[in-house]
Structures are given as structure tokens and as C-alpha cells.
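S.K.: A single structure is presented below for examination.
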Amino acid sequence: MSQHILTAVAWPYANGPRHIGHVSGFGVPSDVFSRYQRMAGNKVLMVSGTDEHGTPIQVQADKEGVSAKELADRYNRVIAEDLTGLGLSYDLFTRTSTRNHYAVAQEIFKGLHDNGYIFPRTTMGAISPSTGRTLPDRYIEGTCPICGYDGARGDQCDNCGNQLDPIQLVNPKSRINGETPVFTETEHFMLDLPAFAEVLGSYLQGKQGEWRPNVLKFALNLLGDLQPRAISRDLDWGVPIPLDGWRDQPNKRLYVWFDAVVGYLSASIEWARRSGDPDAWRQWWQNPDARGYYFMGKDNIVFHAEIWPAMLFGYNGQGARDGRPGSLGALNVPSEVVSSEFLTMEGRKFSSSRQVVIYVRDFLARYDADALRYYIAVAGPENQDTDFTWQEFVNRNNGELVAAWGNLVNRSISMAAKNIGAIPEPGDLTDADRALLERSRNAFGPVGAELTRSRFKNAITEAFDVVRDANRYLAEQEPWKLKDDPERQKSILHVALQVVDDCKTMLTPFLPGSSNKVHAMLGGEGVWSGMPEMREVDEDGGESYPVITGSYDGAARWEHRPITPGTPLAPPVPLFKKLDPKVVDEELARLGE
RNA sequence: GGGGCGGUAGCUCAGCCGGUCAGAGCAUCGGACUCAUAAUCCGUGGGUCGUGGGUUCAAGUCCCACCCGCCCUACCA
């Protein structure tokens, strides 16, 4: 049964290039999932984009002497290029600075406001005197009033660990430019999260046994202490507040997190419009049978398991104050929130400033996308923090990707091409032949089941078990010794090629680029698994910007597919590059300290 | 300070509701093979499952405390 599946991928923040830790959290897992779901026959809509508003981008732009928009333009493009290079199959990867996004974010705000879930409140805020902008707590530092440590930040003292308010700091200073912040009354809008305690509670309870326990436990725990949360800031870079008297205020904008989570919806709407059917998004957002899967790193659980559902409930009129759905109609809340843990780099936290980092761009300049995808799938932070080391990367690449899978493909096709020149016709099959064929064919079920549950490590490990069995089969059958028994040799090679084809199919979600190569090497025609492309678009003739999109309805299906004897075979080219162990030292030398 | 997650062989990691759970891959060592990017295949050593208590007939697997690492900590005051 075909199902509509929304793959909502966390929006990378456009204040700089993204590193491999970022894409290990949201990028690769969401793409593996989406590719599998498409192969399984479901209608996938995979959306994301760059998150471009907020103070950190403004601060970075000020530092570089450019406007926030210019900075966002630059990194939007860089990030889009990188994600395309990784082969992430977005149906639409857009950005939050589009007119469409502004309109949709404002619509959600209005819907929540109309239903009474947003209210104003006067608070004390720190303002930068030179810019008039909100100075976020963590950009203020001073002397800790509790322990006297003089590098305390406005939100917390790193020395004594106490949580602070910036107004408590002795001698507060802006970390941006050293000026003394002014504490002044300012009016902001608050989202009334307590009004959703009940509906969120039953929503989350209903996910028991379905979501990863760490996500659910975390979200349930937050329920105990829901407080109204500010959804506006004193800043000129962001989405204006769509209320009379506020709309035109130059220094009031929606808090970046509020508009960012709306991006899933606005991107879906943008996608629909570009696809020629402006209402197509409704199939993923309003069809009760549709499912929405959200992928992110663990730092984002609160927004996806708590706040975004609350916003949707409020928009639908399903909180404590009831209400009615906004003009878009009632919207689906997330079916599942899939969170990754964190990747560390050679035992340390990623840090751009300390050069403890490898950017996606730099990685792809030297290594293949599938090599990184493989590493993240098999050794990434799926259930706990994991460590990326160059040694481990080289080991995995050379010992597993190249030596096990790449070599199986190469030796099988090579022998068949050399001896027969085509996919051979099998003769009578032995027990060993049938055992391997069944083993391979029967793997689709369990591997697919793991993929459905987002258990990617288990899935790829089980697929690789088949690869190992195939290598063992060849070692036992020794087809290279059967020059005087060509019929038996043909049968063996037929079996080997069939299993290579099965493995290629099962590895497609993880390794789409190399699977396409195997498809072609085995004489397959047409597109096997579609790859993303960047395209320049605009809004009604406005400024153009890049998006990632693509046609992913290739031939790939999640099923055993009989190979066709007689299909001509050419000598194969190696699937993957074997890495010189020296790259470990070279890469380590690039890291800071 | 509060909440959460993790600490399992040299390395990277699997181990849902307690009872073949002490595992996989790589690395080491020994052997086989040569079709293949010196790849593959077979065999082998190695861990008191962070520490200390407790519950139980039985605990990496549950409870408590502690140590270490990581994530979150809005609003208000």
C-alpha cells in the first residue's frame, strides 16, 4: 500500500559551512530513509532548507562587514552545493528568506494568535546601545555574582555552573564589541506552551514503543515544566510580526526558531507550487494516513518533539483554549521524531574556531560521497555519541567498502566479463547455489524492516553480511578453477552476479552513487536511483536563488530482481578508491593543535 | 543547580521487556587461495561489560550512590 511520507530534515544554519558532524545528524540518515521509502513504493516528500535568520547570523555578518542577507546568500549556496554533493535527495531544499516562507510563518503566527495561544508580555531585555538589537544572554559576559569568576556568560557561569541572568552579572559587557548592554523594558510575544500540556501529554504517550526511547523520555520530561516561551526578538533581520502596530516596526521580528520550524510546511507549499499543483502539499500535511518523519541532531529535540507539535496543535485549535484551524486547514503533527546523537572529531568536540573540524566541502574534494555516507551509516551517532577518526575512516573504507563490497562486485563481473562476456545462463543449481540465492533474497525483508525503524546500522550491517556470504561462496566454489567445466562455472558466476545485484539494491539507500554504477556495469539501463541537482529559481521574477531538487522516480525498487542472462558485460572499473594510509597523517596535520 | 543520554575486547561499536549476552567488524597471530583495487576465505588470542553497594534462584541487562564524557537548561525571579 502506497503511503504519503513527509521526510522533514532539520534546517542547517547558514552562518557558515556545515561539517560532517552536522550531516551525520540530519543529512545522511534522512536520505537513507527517504530513498528506502521511495524504493518501497511510498510517495516521499523530502524538504528542508537553510535557516537564515537570527542573531548569530547578524553577528557573523557584522564581523565580516556584510549584511545579514549577503551572508545568508553566500552560505545558502555553499550548503546547498555540499548537500547536493552528498547526494541527499531533497524534493526541495530551499531557504527561510523567501517571500513564501515569510507568508507561511506569519500565517502560523496569526492562526496561533487568533486562537489565543500567543500573548504579549513586557520583559527586561539586554539591548546593544550601538545597534538597538537584543543582545542574547550568551553574548553577554561579566563577573559571576556567585563565585566571582570574571568570564561568566549571561546565561551561565562556566566556572561554578550556576545558571544566571545577565542582569545579575557584575560589570556586564557585550562579547561582540565590548560595550556595556542597556537593560530596558521591551515587549515580546509569548507562545503559551502550558496550554498544550494536556494535548502534548496524550500525543507523546501515544508514541510509547514507537519513538526512540531517548527522544520520548526527553520530551515527556519537558512536559512537567512547560512555561510560556518568547517568540519575538529585538532585531531587524527576520520575519516581521503580522499584527497591526507591529508589522512595520523595524526592530521586532519573530524569534528565529519560530520561523525555522515552520519551514517544513512552507517548503512543502513551495514545492507544490513549483510542481504545478499548488495544493499537492496537502497530501502530506492533511491526509490522516500520511506520516511525517523528522530528522535532526539531539540538540533539536525540544523544538521537534515539543514546540513544533504545540504550534501545530494551536494552529489546529486543539490546545486548552480550543479554537479553530487557520486558513490552511488542520495540519498533521509529526508521526516520528528521529534524533541522532553527536559525532565527535578525533575525541574532541567539533570546533570551527579551533580547527577541529572537517567541512563537507573539504571532505568531498578529497573523498567520495559514498565513502562518507558509508562511514556515517555504519559508524555514525545513531544511538549514542560516536567518534570520527581518520584512522577509522580509512579502515572502514579500505577494509569494508573496498575490500568486501567493491571487491565482490569487481571479482564477479570481472570473471564473467573475461570468461563469458555476458551475464551467464545458469545450469543445474546445487544446494550451495540455492542457499546463497535464498539467503540474499530473504534479506530484503529484515533489512527493510530495520530501515523502516530508522535502525540504519543494523540495516547496513545485515546487508554487508550478505556481501560476506557471497565472498565466502566464491572462495568455496572456486569458479576460476573450472576452466574445464564451463557449465558449472557459468552457474556459479550467474549466482554471484545475481547476489551482487541484490546487494546493490539493498545498498542503494546508503550508497546511491556506487549502486548506480553497479546497475550500469550489470547492463542496466536508465536511471536506477535519482540524484539531486541544484537549480536556480525565483519568486515571480524576483531575485534568483539556488534550490536542490530532483527526480527520484528511478527504476530502483526494494525487491529481488532477476538478472537477464545474455546481457553483455564489459570489464569493470573499481567502484571505490582505496585510500593510502598516509592520508591519516595528512588529515591529522590539517586539524588544529 | 536541574533534566537527559552514554561509559562493553587494542580500536570503533551491537546487545528491546533480567536467564546460550559476553558479541560484530577492524587490528594481532597462524594457515588456505589467486578470479579480484596484495583484495578474499579459514582458524586464533583478548574483556571481572565505569566504581561501590542492593534486589533476585539468576544482572552489562533492574534499584541506589559515586566518578567520567556529552546534550539541553525557555521564562521568571
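From the backbone N, Cα and C atoms, a Cβ is placed for every residue, glycine too.
As annotated by TrEMBL, Zn(2+) binding site applies to A:Cys144, A:Cys147, A:Cys157, A:Cys160. Positions annotated as ATP binding site by TrEMBL: A:Ser352. TrEMBL lists A:6-412 with the feature domain 'Methionyl/Leucyl tRNA synthetase'. Under the heading domain 'Methionyl-tRNA synthetase anticodon-binding', TrEMBL lists A:423-524. Feature annotation from TrEMBL assigns motif ''HIGH' region' to A:12-22. Among the features that TrEMBL reports, motif ''KMSKS' region' is placed at A:349-353.
Distances, neighbours, how buried they are, the whole picture for these features please.
M.R.: Cβ neighbours of A:Ser352 (ATP binding site) (same chain, under 8 Å, six or more residues apart in sequence): A:Gly16, A:His19. In the three-state DSSP reading, A:Ser352 (ATP binding site) counts as coil.
If you average pLDDT over the domain 'Methionyl/Leucyl tRNA synthetase' (A:6-412) in this model, you get 88.
Sequence-distant neighbours of the motif ''HIGH' region' (A:12-22) (same chain, 6+ residues past either end, Cβ-Cβ under 8 Å): 48, 50-52, 54, 56-57, 60, 71-72, 75-76, 78-79, 82-83, 95, 297, 342-345, 350, 352, 357-361, 363, 372, 376, 388.
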S.K.: When secondary structure is assigned with DSSP, how many helix, strand and coil residues does the motif ''HIGH' region' (A:12-22) contain?
M.R.: 3 helix, 2 strand, 6 coil
S.K.: By DSSP, how many residues in the domain 'Methionyl-tRNA synthetase anticodon-binding' (A:423-524) are helix, how many strand, and how many coil?
M.R.: 77 helix, 0 strand, 25 coil
